[in-house]
């Protein structure tokens, strides 16, 4: 291939089956705290060669999709058709790229190296698929074992499958609708396209049965991370402060570009720290006029959503407010309840404390308020 073609990913997530259990289609079941679909989206979206990720969903799955991939920047989902081929055609029509990688949502564990191999293989073929050589003995039979089937040259074909978009779209449109294809490579070959085999990966196994999800959960064993946030704001003229999302009357106000809620700022940094996502200033720079006077609850909600997008689960947060005045004690319960509501936690998962510096330092001189927060979050081990 010449030049640098644009590359998009197309995730087929239109299935309606619930035989894997869980009460929802398998692409929306959660493993490691994150929907199967979200794992697939993230694996493709973080690859530097892929410019966009388009998801095809089933009719009536809009809410499930929104919940699964919330917090991510994606094009609107496309609604698929009655068959997988119909869904792929709908998705291909919505994609604007030279090359497309078509992936089954039920394969959440996609190594970047597989994507690299697929893209490279298109230099010498019309399409490329990842596959693993069959290692087990194959045999015919029902209740009784029949004859063995020679396994030489047999492969288990996986996804994603890579093609030039125009080629695979033409192949799908030319396919006999009376027949149902098992994958896109079958459609491509029937249209005369060459399809290369690249090395697949055992982690790309498709999730189908309840036992598959049990194995995936073991793979996604959660680990605990703890991070700290700290913030300071000085006093200025005013008649009250915002602390932990609660308005408290006072003879002064806190100075800051936003509403200067020092408690929520510290807590936001703590949450961002658990997923190594920088600090509040990198997401909401004080030089940006959009955040002038902004409600800091928005900042905390953003950090919460980023943690969720990473598959994280917030277990506990601890907040210490350091000041001589105003007195925090009378407002402690309200602050705790407000933070719990913002993070979707119970009151028992939020600790709010207050202390002074015994009249030492800037807080002791009543020049401002400091806050320190600690967040404990479970995240997937991979």
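A Cβ is built for glycine as well, from the same backbone N, Cα and C atoms used for every other residue.
Between the candidates 191, 265, 283, Swiss-Prot assigns the divalent metal cation site shared with 231, 233 to 265. Each residue in 232, 254, 256, 260, 261, 262, 263, 264, 266, 369, 370, 371 lies on the same chain as 231, 233, 265 and has a C-beta within 8 Å of the C-beta centroid of that divalent metal cation site, without being one of the site residues. Note on the region '2-C-methyl-D-erythritol 2,4-cyclodiphosphate synthase' (225-382): its mean pLDDT in the predicted model is 94. All protein chains included, residue 231 (divalent metal cation binding site) registers 22 other Cβ atoms within 10 Å of its own Cβ. Among the listed recorded positions, namely 258, 356, the Cβ with the most fellow Cβ atoms inside 10 Å is that of 258.
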